[in-house]
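Student: According to TrEMBL, the record shows the following:
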- 1-193: domain 'WDR36/Utp21 N-terminal' (DOMAIN)
- 575-777: domain 'WDR36/Utp21 C-terminal' (DOMAIN)
- 159-190: repeat 'WD' (REPEAT)
- 365-406: repeat 'WD' (REPEAT)
- 448-489: repeat 'WD' (REPEAT)
Amino acid sequence: FGDHIISVDTDSILIIWHIYSEEEYLQLTFDKSVFKISAILHPSTYLNKILLGSEQGSLQLWNVKSNKLLYTFQGWKIGVTALQQAPAVDVVAVGLMSGQVIIHNIKFDETLMKFHQDWGPITSISFRTDGHPIMAAGSPCGHIGLWDLEDKKLINQMRNAHSTAIAGLTFLHREPLLVTNGADNALRIWIFDGPTGEGRLLRFRMGHSAPLTKIRYYGQNGQQILSASQDGTLQSFSTIHEKFNKSLGHGLINKKRVKRKGLQNAISVRLPPITKFAAEEARESDWDSIIACHQGKLSCSTWNYQRSTIGAYFLKPKELKKDDITATAVDITSCGNFAVIGLSSGAVDVYNMQSGIHRGSFGEDQAHKGSVRGVAVDGLNQLTITTGSEGLLKFWNFKNKILIHSMSLDSSPNMMLLHRDSGILGLALDDFSISVLDIETRKIVREFSGHQGQINDLTFSPDGRWLISASMDCSVRTWDLPSGCLIDSFLLDSAPLNITMSPTGDFLATSHVDHLGIYLWSNISLYSVVSLRPLPTDYVPSVVMLPGTCQTQDVELLEETIEPSDEMIEYDSPEQLNEQLVTLSLLPESRWKNLLNLDVIKKKNKPKEPPRVPKSAPFFIPTVPGLVPRYAAPEQNNDPHQSKVVNLGILAQKSDFCLKLEEGLVNNKYEAALNLLKELGPSGIETELRSLSPDCGGSVEVMQSFLKMIGMMLDRKRDFELAQAYLALFLKLHLKMLPSEPVLLEEMTKLSSQVEENWIHLQSLFNQSMCILNYIKSAL
């Protein structure tokens, strides 16, 4: 209502709020026994006025600015359920409890026309504004009636537009589009482009209309989540975009008979809700790829993902003496050929997915004494693992159905999950603990405790390093399997019932008690550095809001989670981890690898011909600045006294490197000289080493100092490759001169033994590694 919003509660108190300041502007109280408000409308062009409809049948027109009742319409003695402005001024459509729609002129208080629907009270009304005089009226059965206002007759019925009451319907302005929604959690757009004026479904968005019972990622790309719900449907939701969502529909008891008799919407032919399901996409294009258990039913249904429908078979054992046996656990082999079904009687059967034929069962009569709580088949169809409520875990040969091994658990298991790639089995027990087994060794490798309520679901990360558990204590916990520690935990407002992690590791999907949606949590460790340190024993997890569309919450959450992790992981690596270790420098290879081949590189890079002087004048001729622009005359060197003899004193200056080496001889510290060399490029290094000899301005003392510096580098075992490269270049440049100087010869013999000692140690390590590698290569 402009800058205001008008709200009415069940006690018929009407409040007008100011939207921006969120303050109360006006409050009106009505007597419920006389006038209980049931509908509200602002008639167009009626300034500051609202029309109120009541359950008693009368209507009132109020001016909310002056707070006055302007007029009371007597009505039709039947409760008003809907009010809608017609495209004509002063004309309003009134929907009644009896299913009547009255088109009424509120200026003259006279009825223009009446329509009647047999489907119960009118829930909502809308008018087309694109040139067709048509009115749509919704009903509690999910049907919509389309009325022609000129011929005053019903022209069409849209039956079962929704599976529940039509909550709202609106024609888009000047378009042949009708938007409808209902309590079945669906939003549909219908387009009216047919010759007879009927609407066809153009687009829709729908979720489940009842809380979820099971969710699992489907396929390996991590883009689809299969979800089963208490409304009896199986749906696929896309994590990429809503347009890829699809519904696999309701399970039907006999699909062919239902189609033949047209009973699709009859509740009696529908299967009860799915409680457990397993899916495998390997052969989805050839036959059914999903198998599901239903609440209280023995037979398991198959579903086809590609065709988005219930499949061809109901899998159940042929002869059974009892009636109260139900299917409790299912799994599909990784090849997609076989389904394994566990029953509450303790039997475990194998069926072929393509033909639906029974292919045998485990154990002579039954696999377990108690009800089967979980079944799993490994990735190569070698092992089948089953667990029962009596607390036994059994390993069977998949092919010949023989029992290989049986082990008893501390408590009876609640559920079981196998990570096929790593062969790790997660078991949630009834004592709220989690056991992790290795199916190769058949031993318990990890035990986790800490949950305070029944564990509803488990999921592994794709690499098998994390096990994530959801419990009735409203917590979601992440356990690190290699370290055996709890690394993440958070609390929620509503207990998580199901949890599944994307095969690509980017999202965690959860479903919750009494919630219709699937909630996605992103994995922070994919896009920021997170320190996965174990949480302390007294750690109190914080309550996190469920993900929504509100931006501000997301930003706060990210800041919270990233800040502490950055503090934890500040670590500076020392330049040398241990004095015994040979450490290389961090310089790029180009600085030291080509020092011996510089003359070859220079020869390669030598220009083939000298640069030519351009014949023409320069593009910009130089001018002298001033008021009158004049061309600058070329500078001529007219000084007759300038000497042409080069001053050798300038050239004979010693470089910084030489000076630092001379200092090193005195104080025995060579870090400064080494740092200077590290900053130079290959040609600069060669120039410096050349200038060490007495012929080029150096001296024997400086050369001796350089050899001492190399000795210091080899002693400390740091910058190992630089020491080798510098020494090699030094020997190449000054080899002829070295033998004639006894001081240098003495230094050389010291260095030689040092280099040899270091190299023999390294060579023995290299040889050892090569030997082991060759052995492994040849042995395996």
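Any Cβ shown, glycine's included, is placed from N, Cα and C.
On a predicted model such as this, the values are computed, not experimentally measured, just so you know.
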Student: Just to be sure I understand, if DSSP states are collapsed into helix, strand and coil, how many residues of the repeat 'WD' (365-406) fall in each?
Tutor: 0 helix, 22 strand, 20 coil
Student: Mind checking which residues of the chain, 6+ beyond the ends of the repeat 'WD' (365-406), have their Cβ under 8 Å from one of its Cβ atoms?
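Tutor: Apart from its flanks, the repeat 'WD' (365-406) reaches 328-335, 338, 340-348, 350, 412-418, 420-421, 423, 425, 427, 437, 439, 442.
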Student: Go ahead and report the DSSP secondary structure tallies for the repeat 'WD' (448-489): helix first, then strand, then coil.
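Tutor: Across the repeat 'WD' (448-489), the residues distribute as 0 helix, 24 strand, 18 coil.
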Student: Can you check how the pLDDT averages out over the repeat 'WD' (159-190)?
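Tutor: 93, rounded to a whole number.
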Student: When the repeat 'WD' (159-190) is classified with DSSP, how many of its residues are helical, how many are strand and how many are coil?
Tutor: 0 helix, 17 strand, 15 coil
